[in-house]
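Structure first, then comments.
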Amino acid sequence: MENESMSELSEISLDPFYIPPRGKYPIFFLGVIIYLFAVFCNMTLLALIIFQRKLHTPMYFILFSLPLNDLVGISAMLPKVLSDIVTGTRKVYYHLCLLQAFLLHMYGGGVLFILAAMAFDRYMAICMPLRYRSVMTMRTVVSVACLVWGLDFLLILSLFVLQTRLPKCRSAVLNVFCDNPSLLKLSCGSTALNNIVGLVTTAVMQMLSVSVQLFSYIRILMACLGSRRSEAKTKAINTCMSQLIIFCIFEIVGTFTILSHRFQNVSPDLQKIMGMLIFLVPPILNPIVYGLKTSEIRNTLLGLARNKISA
């Protein structure tokens with residue numbers, strides 16, 4: 001497969017985990033349980049927002065994008081990895097690998113932009129309560145959702161348009177799943193432009209997300225400290241805390257993932273596991289954090305559970 005051109009490259013090989021024969025099926029079933037649990041939690045959150053009229057507010061319409069994005073991230077990565085573990089498959093079609101990489105990068109950018117949109121919504125609700133309903137109309141919410149997904153799509157698309165123009169002369173991806181850096185290593189041409197665009201894109205995403213969230217939460221903190229109503233302070237802090245926890249989880253896991261690839265003495269299998277965590281941990285924890293920290297969702301779930309028991 002060496003020295004093949006882009007037009008001739010149809011299959012590439014992935015670098016699998018080293019798993020002893022006895023450990024293959026236990027790991028597979030553990031992965032299936034993790035995946036089903038994440039799907040159940042995120043689908044439950046989506047269903048609550050869709051079917052519970054009390055949650056038909058701008059805050060929850062914007063929140064709707066978060067579990068949707070989490071489902072994209074974990075579904076693009078985990079089923080393929082589990083399938084390869086149980087079947088021993090190493091091959092994948094190049095275009096399917098490209099699609100997986102695109103979806104995983106869309107997920108990463110989506111988390112940052114969605115959390116920024118949610119922070120802006122909380123800023124408007126807490127710092128400008130009298131103008132909130134007139135500003136955060138359904139049209140505004142739809143525009144925010146389109147901006148979040150549209151900007152994410154365009155930025156990630158730019159990476160892959162640049163990536164696909166390069167000739168390929170290698171066929172081995174040194175990872176258990178496909179991503180843009182791994183695909184770039186298949187190229188035999190200069191990747192300097194791709195690396196620059198990749199760094200700029202990552203910096204733009206981080207700066208936009210962090211600056212919006214930092215501005216929003218500083219203003220919210222100032223508003224809470226200036227408020228004499230302790231009940232209002234508590235509600236505002238609890239609402240924002242869940243979003244801050246989700247953001248911290250994503251950034252901490254992302255930092256560990258990046259650092260694991262910077263040290264030479266880290267085992268390849270550990271690097272692969274660390275690389276998977278960013279697509280596993282947030283989709284599992286995000287709906288749980290929102291369920292526990294957001295009173296409306298928690299009370300709605302408890303109410304539905306009581307109704308089921310009493311029925």
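Cβ atoms are placed via backbone N, Cα and C, with glycine included.
Just so you know, TrEMBL annotations are computer predictions that nobody has curated.
The shown structure was predicted, so the numbers you read here are calculated from the model rather than taken from an experiment.
What TrEMBL lists as domain 'G-protein coupled receptors family 1 profile' is 41-290. Within the model, the domain 'G-protein coupled receptors family 1 profile' (41-290) shows a mean pLDDT value of 87, rounded to a whole number.
According to TrEMBL, the feature transmembrane segment maps to 27-51 (among others). Tertiary proximity for the transmembrane segment (27-51) is limited to same-chain residues at least six positions away from its ends with a CB under 8 Å from its CB atoms, namely 19, 60-61, 63-64, 67-68, 70-71, 74-75, 78-79, 81-82, 85-86, 280, 283-284, 286-288, 290-291, 297, 300-301.
Per TrEMBL, transmembrane segment is recorded for 58-78 (among others).
With a cut-off of 8 Å between Cβ atoms, the residues of this chain six or more beyond the transmembrane segment (98-120) that come close are 59, 62-63, 65-66, 69-70, 72-73, 76-77, 80, 92, 144-145, 147-149, 151-153, 155-157, 159-160, 164, 177-180, 182-183, 205-206, 208-209, 212-213, 216-217, 240, 243, 246-247, 250, 254, 278-279, 282. Marked as transmembrane segment by TrEMBL: 98-120 (among others).
Non-local neighbours of the transmembrane segment (141-162) in the same chain are 58, 61-62, 65, 98, 101-102, 105-106, 109-110, 113-114, 116-117, 120-121, 180, 193-194, 197-198, 201, 204-205; each lies 6+ residues outside the stretch with a CB under 8 Å from one of its CB atoms. As annotated by TrEMBL, transmembrane segment applies to 141-162 (among others).
Counting same-chain residues at least six beyond the ends of the transmembrane segment (196-218), those with a Cβ under 8 angstroms from any Cβ of the stretch are 109, 112-113, 115-116, 119-120, 122-123, 155-156, 158-159, 162, 180-181, 240, 243-244, 247. The transmembrane segment annotation in TrEMBL covers 196-218 (among others).
Annotation source TrEMBL lists transmembrane segment at 239-261 (among others).
Annotation source TrEMBL lists transmembrane segment at 273-292 (among others). Outside the transmembrane segment (273-292) by six or more residues, the chain places 34, 37-38, 41-42, 44-45, 63, 66-67, 70-71, 73-74, 76-78, 81, 104, 107-108, 111, 175-177, 179, 242, 245-246, 249-250, 253-254, 256-257, 260-261, 298, 301 with a CB less than 8 A from a CB of the stretch.
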So if I exclude everything within five residues of the ends of the transmembrane segment (58-78), which remaining residues of that chain have a CB under 8 angstroms from its CBs? That is, six or more out.
31, 34-35, 38-39, 41-43, 45-46, 49-50, 100, 103-104, 106-108, 110-111, 114-115, 117-118, 121-122, 125, 136-138, 140-141, 144-145, 148-149, 177, 246, 276, 279-280, 282-284, 286-287, 290, 296
